[in-house]
Amino acid sequence: MTISPPEREAKVKATVDKNPVPTSFEKWGKPGHFDRTLAKGPKTTTWIWNLHANAHDFDSHTSDLEDISRKIFSAHFGHLAVIFIWLSGAYFHGARFSNFSGWLADPTHVKPSAQVVWPIFGQEILNGDVGGGFHGIQITSGLFQLWRASGYTNEFQLYVTAIGALVMAGLMLFAGWFHYHKAAPKLEWFQNVESMLNHHLAGLLGLGSLSWAGHQIHVSLPVNKLLDAIDAGEPLVLNGKTIASAADIPLPHEFLDVSLISQLFPGFEAGVKAFFTLNWSAYADFLTFKGGLNPVTGGLWLTDTAHHHLAIAVLFIVAGHMYRTNWGIGHSLKEILEAHKGPFTGQGHKGLYEILTTSWHAQLSINLAILGSISIIVAHHMYAMPPYPYLATDYPTMLSLFTHHIWIGGFLIVGAGAHAAIFMVRDYDPAKNVDNLLDRVLRHRDAIISHLNWVCIWLGFHSFGLYIHNDTMRALGRPQDMFSDSAIQLQPIFAQWIQNIHALAPGNTAPNALASVSQVFGGDVVAVGGKVAAAPIVLGTADFMVHHIHAFTIHVTALILLKGVLYARSSRLVPDKANLGFRFPCDGPGRGGTCQVSGWDHVFLGLFWMYNSLSIVIFHYSWKMQSDVWGSVLPDGSVAHIANGNFAQSALTINGWLRDFLWAQASQVITSYGSSTSAYGLLFLGAHFVWAFSLMFLFSGRGYWQELIESIVWAHNKLKVAPAIQPRALSIIQGRAVGVAHYLLGGIVTTWSFFLARIIAVG
């Protein structure tokens with residue numbers, strides 16, 4: 001067959017408009033300047049709510065896609081500025097208020113702290129003894145471990161980084177202003193996906209990974225090799241001088257001297273010649289493939305992670321040369337999508353290119369779904385393959401990082417549902433999507449949703465039924481009739497099979513590796529300083545049961561979000577939903593039973609199920625790790641676990657979860673008064689209050705409050721102190737938004753205080 005050369009694309013040019021929008025502080029100083037109605041100023045208290053709701057809804061400011069794109073682009077720089085300021089604050093605390101040097105000297109006994117409370121009226125009780133003579137609040141962000149892995153050896157270096165982050169923040173703020181007011185990209189620049197993919201893949205991910213690999217190789221590895229030797233009690237000698245403490249370690253730039261660094265890694269003597277002559281094995285002492293964990297630190301081998309980032313860099317730099325721009329070579333995304341047809345999928349992906357280059361909601365939705373999923377995968381990798389030194393034995397940090405990444409993932413995935421529904425309402429054009437995949441999914445949405453609903457009902461009744469059965473049998477004193485590892489077994493055979501494959505496979509796939517990918521699949525206990533860093537996680541009946549609760553709650557969350565997206569424009573009940581918009585409380589007066597059908601309401605309801613779902617995930621993790629993994633290694637080699645292995649028997653019943661997990665482990669937060677964790681006791685109480693406060697918004701109607709307000713306004717009129725701005729009750733949607741925000745805030749802070757008071761006390 002002959003292959004005709006691909007059509008040359010139109011030449012790509014980075015085109016900008018000069019000075020498109022004047023810089024006017026006078027205009028910005030006027031609240032609501034972006035909306036004609038809001039700019040008139042407040043008539044009623046609803047104004048302030050609408051101001052917040054619409055400030056960042058760029059679609060409502062203008063219908064010009066180019067201007068919307070520029071606003072989003074500019075806002076990204078603003079977001080980056082905020083992130084740099086936040087990071088600067090974290091590094092500044094590490095530099096100014098922390099025991100980083102003390103922790104570095106003795107990471108197995110000293111706990112990380114980067115905040116010291118000032119004594120005003122007794123709060124200094126919060127400054128607990130974290131070891132090494134330092135008193136402060138124990139932090140659980142994992143920053144100390146990250147800093148050690150990066151090669152920081154003193155607080156001054158953290159200071160410099162904090163200042164550098166502020167400089168970067170200033171640069172980002174300037175860039176955000178410059179690319180909106182001085183040189184704003186044209187729409188075609190935002191829509192040029194091939195160039196965008198090439199630059200993001202090769203530049204951001206490829207060169208980003210390469211520069212990090214370079215930092216790891218030239219700074220992190222020598223510093224960490226010296227620190228590990230000190231911690232192992234066998235300090236190394238450099239240029240005839242024993243490196244006995246972190247203070248003796250040469251500064252990063254000194255390792256540019258090949259004669260110095262090659263005393264630690266002889267491979268550096270090979271120089272770049274070995275690279276160009278393909279004699280890559282010369283670098284095998286600092287680019288390794290060991291597998292498993294470093295026995296001194298309980299973290300991944302940093303020589304493995306340097307190798308990993310170098311490999312990732314190569315992959316992404318190659319990937320960044322795949323898409324066709326000015327050189328008539330490579331892929332065209334439009335061609336790929338339009339060629340993507342199956343035997344049963346009609347026009348396939350035709351039309352999706354146009355959607356993803358004109359609807360940023362559609363684009364954002366996909367990105368949120370992927371990023372949310374990645375965040376949840378990261379949560380699991382944090383304990384399966386702990387990446388930083390001494391992270392795995394810092395149990396409060398392990399629990400915090402897992403919980404954090406799980407919740408972030410949940411919020412992002414709900415956000416994916418939200419923006420998919422907004423896309424359907426605001427940007428979807430049925431005439432341009434005839435018989436493509438999106439159209440076909442929408443046409444058989446009833447089949448999809450009814451089947452998904454059936455799955456949810458099946459999972460819910462069966463998984464819950466197993467627990468109810470066990471509670472009943474235990475209450476009747478018939479343990480032999482329970483589902484358990486010692487009676488009627490429900491072993492997770494597929495999960496055990498996967499664990500076994502992963503434990504055995506590296507023997508064949510990586511014969512030179514020292515250990516398998518992760519100890520959680522099977523292998524030996526890795527202990528650091530007498531504490532378990534990693535151990536095989538044995539799964540049994542209790543895990544099988546709670547796993548099916550996970551399956552149930554995740555499927556219900558997916559059902560709510562997917563129903564919201566697929567029925568965002570129309571349904572049998574409300575055929576003209578597309579005209580009502582993304583958020584509306586009900587289909588007007590005179591149509592009862594049409595409330596909570598808008599796209600927004602599905603996001604609202606999905607948030608509750610997301611929270612419900614992920615609470616059980618983090619409870620499962622917290623209890624399982626305390627019961628079966630975390631603990632102290634006794635002199636005879638056995639492990640005394642924090643919760644003494646009670647998960648397998650107690651987690652079989654609902655009563656067990658309530659009594660042996662929630663109630664038993666809440667004793668630390670409930671009895672924290674008068675101790676350095678007493679703040680968690682107050683947060684625990686306060687967060688319960690915030691959570692209960694949310695119910696006032698969720699369980700009452702707007703009319704009740706409007707009636708009350710009018711009576712209060714009457715009293716003010718009597719006293720001639722009536723306000724100029726007329727008070728109004730929250731709209732139905734606003735009430736629900738305030739309700740769900742407090743519900744989630746209260747729930748998350750309750751869990752946070754419960755987890756940390758417990759694990760700081762026992763971990």
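The backbone N, Cα and C atoms fix where each Cβ goes, glycine too.
Outside the transmembrane segment (72-95) by six or more residues, the chain places 56, 58, 114-115, 141, 143-144, 147, 155-156, 158-159, 161-163, 165-166, 168-170, 172-173, 175-177, 179-180, 185, 190, 360 with a CB less than 8 A from a CB of the stretch. According to Swiss-Prot, the transmembrane segment annotation covers 72-95 (among others), on the basis of sequence analysis.
Summarising the annotation, Swiss-Prot assigns transmembrane segment to 158-181 (among others) and lists sequence analysis as the type of evidence.
Swiss-Prot lists 197-221 (among others) with the feature transmembrane segment, giving sequence analysis as the kind of evidence.
Summarising the annotation, Swiss-Prot assigns transmembrane segment to 305-323 (among others).
Annotation source Swiss-Prot lists transmembrane segment at 360-383 (among others), citing sequence analysis. Sequence-distant contacts of the transmembrane segment (360-383) (same chain, at least 6 residues past either end, Cβ-Cβ under 8 Å): 68-69, 72, 391-392, 398, 401-406, 408-413, 415-420, 422-423, 426-427, 520, 534, 621, 625.
The transmembrane segment feature in Swiss-Prot is assigned to 399-425 (among others).
Feature annotation from Swiss-Prot assigns transmembrane segment to 447-469 (among others); the stated evidence is sequence analysis. Non-local neighbours of the transmembrane segment (447-469) in the same chain are 441, 482-483, 490, 545, 548-549, 551-552, 555-556, 558-559, 562-563, 566-567, 652-654; each lies 6+ residues outside the stretch with a CB under 8 Å from one of its CB atoms.
What Swiss-Prot lists as transmembrane segment is 544-562 (among others).
Residues or ranges marked as [4Fe-4S] cluster binding site in Swiss-Prot: Cys586, Cys595. Under the three-state DSSP scheme, Cys595 ([4Fe-4S] cluster binding site) falls in the coil class.
Only residues 6 or more beyond the boundaries of the transmembrane segment (602-623), in the same chain, are considered here, and those with a CB under 8 A from a CB of the stretch are 383, 399, 402-403, 406-407, 410-411, 413-414, 417-418, 421, 543, 546, 549-550, 553-554, 556-557, 560-561, 563-565, 568, 596, 643, 647, 651, 657, 661-662, 665, 736-737, 740, 743-744, 747-748, 751, 755, 759. Taken from Swiss-Prot, the feature transmembrane segment applies to 602-623 (among others), supported by sequence analysis.
According to Swiss-Prot, the transmembrane segment annotation covers 677-699 (among others), on the basis of sequence analysis. Sequence-distant contacts of the transmembrane segment (677-699) (same chain, at least 6 residues past either end, Cβ-Cβ under 8 Å): 125-126, 128, 668-671, 730, 735-736, 738-743, 745-750, 752-754, 756-757, 760-761.
Within 10 Å of the Cβ of His688 (chlorophyll a' binding site) there are 15 other Cβ atoms, across all protein chains. When secondary structure is read from DSSP and collapsed to three states, His688 (chlorophyll a' binding site) falls in the helix class. Taken from Swiss-Prot, the feature chlorophyll a' binding site covers His688, and the record attributes it to sequence analysis.
Per Swiss-Prot, the feature chlorophyll a binding site maps to Met696, Tyr704; the stated evidence is sequence analysis. Applying an 8 A CB threshold to same-chain residues 6 or more apart, the list for Tyr704 (chlorophyll a binding site) is empty. According to its DSSP assignment, Tyr704 (chlorophyll a binding site) is helical.
The phylloquinone binding site annotation in Swiss-Prot covers Trp705. Its Cβ taken as reference, Trp705 (phylloquinone binding site) is surrounded by 17 other Cβ atoms within 10 Å in the chains shown.
For 737-757 (among others), the entry in Swiss-Prot reads transmembrane segment, with the evidence type sequence analysis.
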Neighbour count (Cβ, 10 Å) for Met696 (chlorophyll a binding site): 13
Cα separation, Trp705 (phylloquinone binding site) to Cys595 ([4Fe-4S] cluster binding site) (Å, whole number): 19
Criterion met for the transmembrane segment (399-425) and the transmembrane segment (737-757) (at least three Cβ pairs under 8 Å): yes
Positions whose Cβ lies under 8 angstroms from the transmembrane segment (158-181), at least six residues beyond its ends: 19-23, 70-71, 73-78, 80-82, 84-85, 87-89, 91-92, 94-96, 98, 100, 147, 152
Euclidean distance between Cα atoms of Cys586 ([4Fe-4S] cluster binding site) and Met696 (chlorophyll a binding site), Å: 20
Proximal but sequence-remote residues of the same chain as Cys586 ([4Fe-4S] cluster binding site) (Cβ under 8 Å, at least 6 apart): Thr594, Cys595, Gln596, Val597, Ile732
Other CB atoms, at most 10 A from the CB of Cys595 ([4Fe-4S] cluster binding site): 13
